[in-house]
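Novice: Next up is a structure, given as structure tokens.
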Amino acid sequence: MGIVGEKLDIDFVISTGDNFYEDGLKGVDDPAFYQSFIHMYTAPSLQKTWYTVLGNHDYRGDVEAQLSPILKQKDSRWLCMRSFILDGEIVEFFFVDTTPFVEEYFTDPGEHTYDWEGVLPRLAYVSKLLKDVDSALAQSKAKWKMVVGHHTINSAGHHGSTEDLKQLLVPILEANNVDAYINGHDHCLQHIIDNNNGIHFITSGGGSKAWSGDVKPWKLEELKLYYDGQGFMSMQITKSTAYIIFYDAFGKVLHTWSISKDRNVAAWI
């Protein structure tokens, strides 16, 4: 990542959640923050702001610890909020807190304990978040609109598609001409272009463990990439084109794609 970051002269990094395994942070002084972030991403090119969302594993720990300004005092790169907007002028990234959308975490948590402080009552929280996302997307004047969340929407991976998000969030993405939805959750690298709405569903979940061979059937005309190993991705955006590159853990290019603002023009590079 550091080598690619230097080559591309990156402006920032996005993390798609599940930032600390297995159960988030225990508090602001949890050594995992040093082990899994500060002492992990040491390359000079990665000393940029990290815009971070929460994943379901993060909700199993102290959520407020990850949101705390104390972590930013420990490392100025760290920026984590539940939902927020990153304004990149020609592009806006809309970060959405997707874990509360998944009803199963509330009704059948199994052996896990979740930190729902600030989220309950769930339906009111999700309803307000949907209205806020819809309003922000509608008001956006950016040429590109990208939505970032932890959970999958369309995925051939282990977890598969998240039906709660398909029902509640996808209509808002479609109505506001969102170009791409970027997520983690499934431990793979994946690129799906939905034939119905043209939205690019991009999974970058290969930052740690990966699930080899764990893939479900999917329409080949939609599934442009499925890689069941570790890796990461980059995105370069101009006014007319977004260039996406997927890499394995050693920086080898696995898949490239260009998205044009003319939605009828999109192809491998």
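Glycine too: its Cβ is placed from the backbone N, Cα and C atoms.
Quantities reported herein were computed from a predicted structural model and do not represent experimental measurements.
In case it's useful when we look at the structure, here is the feature table from TrEMBL:
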BINDING   D18, N56, H150, H185  Fe cation 2 binding site
BINDING   D18, Y21, H187  Fe cation 1 binding site
DOMAIN    6-188  domain 'Calcineurin-like phosphoesterase'
Novice: Which entry in the list of binding-site residues, H150, H185, H187, has its Cβ near the fewest other Cβ atoms, using 10 Å as the limit?
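Specialist: Relative to the other binding-site residues in H150, H185, H187, H187 has the fewest Cβ atoms within 10 Å.
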Novice: Please name which of the binding-site residues listed here, N56, H150, H185, is nearest in space to Y21 (Fe cation 1 binding site), Cα against Cα.
Specialist: N56
Novice: Write out, in the order they occur in the sequence, the residues of the chain not among D18, N56, H150, H185 that have a C-beta within 8 Å of the mean position of the C-beta atoms of the recorded Fe cation 2 site.
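Specialist: So the additional residues around the site are T16, G17, L54, G55, H57, D58, T98, T99, H151, G184, G205.
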Novice: If you average pLDDT over the domain 'Calcineurin-like phosphoesterase' (6-188), what do you get?
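Specialist: 98, rounded to a whole number.
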Novice: Long-range same-chain neighbours of N56 (Fe cation 2 binding site), Cβ under 8 Å, sequence gap at least 6?
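Specialist: Those within reach of N56 (Fe cation 2 binding site), by Cβ under 8 Å and sequence separation of 6 or more, are G17, D18, T99, V102, Y105, Y114, H150, H151, H185.
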